[in-house]
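Visitor: Pasting a structure here, questions to come.
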Amino acid sequence: MKQRRRGLFLRFLTASLLFLLVASVSQARPRPGREPSYLKFVANATELPSEENYDYVIVGGGTAGCPLAATLSQSYKVLLLERGGVPYGRPSLMTQEGFLSTLTNVDSFDSASQSFVSEEGVPNARGRVLGGSSAINAGFYSRADPDFYQYSGANWDLRVVNESYEWVERAVVFRPELRNWQSAVRDGLLEAGVDPYNGFSLDHEVGTKIGGSTFDGRGRRHSAADLLNYANASNINVAVYASVERVLLAYSGPRGSSRSAISAIGVVYRDRMGQYHHAMVRENGEVILSAGAIGTPQLLLLSGIGPRPYLSYWGIPVAYHLPYVGQYLYDNPRNGISFVPPVPLEHSLIQVVGITELGAYVEAASNVIPFVSPARSVFIRAPSAPLYLTVATLMEKIVGPQSVGYLRLASTDVRMNPLVRFNYFSSPIDMERCVNGTRKLGDVLRTRAMADFRFRDWYGVRNFRFVGPALPVDQSDFEQMADFCRRTVSTIWHYHGGCVVGKVVDADYRVYGIRSLRIVDGSTLTISPGTNPQATLMMLGRYVGLKLIKEREVQPEMKSESGDL
């Protein structure tokens, strides 16, 4: 009898612990099929009043803006303004299989992905949805290279950095399960000398590793929008389809005198019906721009903050001469090869990375795409059901980069993309890194791990069937490899800069010359933080939010002031 009671007690105890564990996890990760809790405080911008006051007005509900808003809402009244809609309920956004269609099925004003083409002719994309680019990307998650904190120019408390990463990771990061293509890439990298093997790791470590993923075990995407589940619902409003047109500025003291000061006092935005709204900040509050490397410099220029001669050319009243707005814009070039394997592969986005000491990272993906028969073919009859084929891709991204570009306005309509030029490979250092990275791709292709992905011809020789350009045969020839880099350059969607630390903002992300205006997004970065920036940008939003709360607790009467350029 005692033994039976003991058994029942242990079963009850086990069930209770399991219930508590499930309950604690479910607070951060909503169960599949359930609406995320943040939808309770998300509203269409048309539903918001024409004017309202907040402690913080955050422009851009993207990779950094969502965690920033969630954090600040714990202590202050926050408005988060997002020009796009919500990702929840959109299958193409919420699954791995929808990655390519999200990037290709675009329109001018409503799609979650807004395409743009650099002046070099390289297609690119930016997020236009709650969660920003974290809601349309390939999902790879890896923390920044430790050198990033030393060279970024910002002030860092590494204890708070690590706490902020962990806060993000509890909600949106998962360990991917490798299948045949990603496993082969891992083995090929190790055979090619990209060692040691670091297993599954979220840290930036030289060698080969399995990184984190924002896709869970069911293939469902988790983006920065999920971090809004941490918000204090009574302290936050999130407005979607809210297009911010300019930052509202006010002067104190005689304009033009040494005692004159400019402050951000709010923003003006339009809803989908074309109605204007004013979101104003209270005393000691701030406007924070988190609209990304394209949106933030564009909005500063449209608000009259930028180079005086350039603004005058556009007829924009100059509020403050800040010459480097839109300058120091960067994009990490991607080069690679693709081929059709003899056996079907799973659909996989980036899960494995080779972090080399050659200035390049090696990654891979495999995609199942529809086969399109030649137009007007006499001999090929259109199939009754679509045909699909697998394309495997090996790619490299360079560290940095060193090549510097810029952004210019194309229109005074904030909804239109500005003009961007990244000047890919204008730095010989970047070209050398690309040659090193593409040579490493050749090393991987020659490994035993890649043998099963070759076709055997009539003479028994096994070769890859490439889709698009193959690597040069003589990979020791630097000029041939450099030509391949130039001919095949594409983006890996890691553009950054345009409002960099030390030029447009100070080490605490305050805009020079403008009180109560701060920038918290990838436009402040001078280098891409490792293999993928999304982890660092989500951390950045949480990090700055914590620092602002602490700053106001220590000095509650202190107003946020910018320095002088």
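Glycine residues also receive a Cβ, built from the backbone N, Cα and C atoms like all the rest.
All annotation found in TrEMBL is predicted automatically rather than curated by experts.
For reference, TrEMBL lists these features for the protein:
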- Glu82, Arg83, Val129, Val244, Trp493, His494, Gly522, Pro533, Gln534: FAD binding site (BINDING)
- Cys434-Cys485: disulfide bond (DISULFID)
- 127-150: domain 'Glucose-methanol-choline oxidoreductase N-terminal' (DOMAIN)
- 292-306: domain 'Glucose-methanol-choline oxidoreductase N-terminal' (DOMAIN)
- 1-28: signal peptide (SIGNAL)
Visitor: State the non-local partners of the domain 'Glucose-methanol-choline oxidoreductase N-terminal' (292-306) in its own chain: residues 6+ outside its ends, Cβ under 8 Å from one of its Cβ atoms.
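Guide: Non-local partners: 59-60, 62-63, 116, 126-127, 132-133, 244-247, 249, 314, 316-323, 325-326, 329, 407, 409, 412, 414, 417-418, 420, 495-499, 504, 511, 514, 519, 521-523, 525.
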Visitor: By CA distance, which of the binding-site residues (Glu82, Val129, Trp493, Gly522, Gln534) lies nearest to Cys485 (disulfide bond)?
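Guide: Sorting the binding-site residues by distance from Cys485 (disulfide bond), the top entry is Trp493.
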Visitor: Within the domain 'Glucose-methanol-choline oxidoreductase N-terminal' (292-306) only, compute the mean pLDDT.
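Guide: Mean per-residue confidence for the domain 'Glucose-methanol-choline oxidoreductase N-terminal' (292-306): 98 out of 100.
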Visitor: Taking the Cβ of Cys434 (disulfide bond) as centre, how many other Cβ atoms lie within 10 Å?
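Guide: Around the Cβ of Cys434 (disulfide bond), 28 other Cβ atoms lie within 10 Å.
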Visitor: What is the separation, in Å, between the Cα atoms of Gln534 (FAD binding site) and Cys434 (disulfide bond)?
Guide: 22
Visitor: I'd like to know which of these recorded positions, Val129, Cys485, is least surrounded, judged by other CB atoms within 10 A.
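Guide: Least crowded of the recorded positions Val129, Cys485, by Cβ count within 10 Å, is Cys485.
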Visitor: Could you tally the C-beta atoms, other than its own, that fall within 10 angstroms of the C-beta of Gln534 (FAD binding site)?
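Guide: So the number of other Cβ atoms within 10 Å of Gln534 (FAD binding site) is 28.
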Visitor: Cβ distance under 8 Å to Gly522 (FAD binding site), same chain, sequence separation 6 or more: which residues?
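Guide: Spatial neighbours, sequence-distant, of Gly522 (FAD binding site): Thr63, Ala64, Gly292, Ala293, Tyr495, His496, Gly497, Pro533, Leu537.
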Visitor: What Cα-Cα separation, expressed in whole Å, is found between Val129 (FAD binding site) and Cys434 (disulfide bond)?
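Guide: Here the two Cα atoms lie 32 Å apart.
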Visitor: Around Trp493 (FAD binding site), how many other C-beta atoms are within 10 angstroms of its C-beta?
Guide: 21
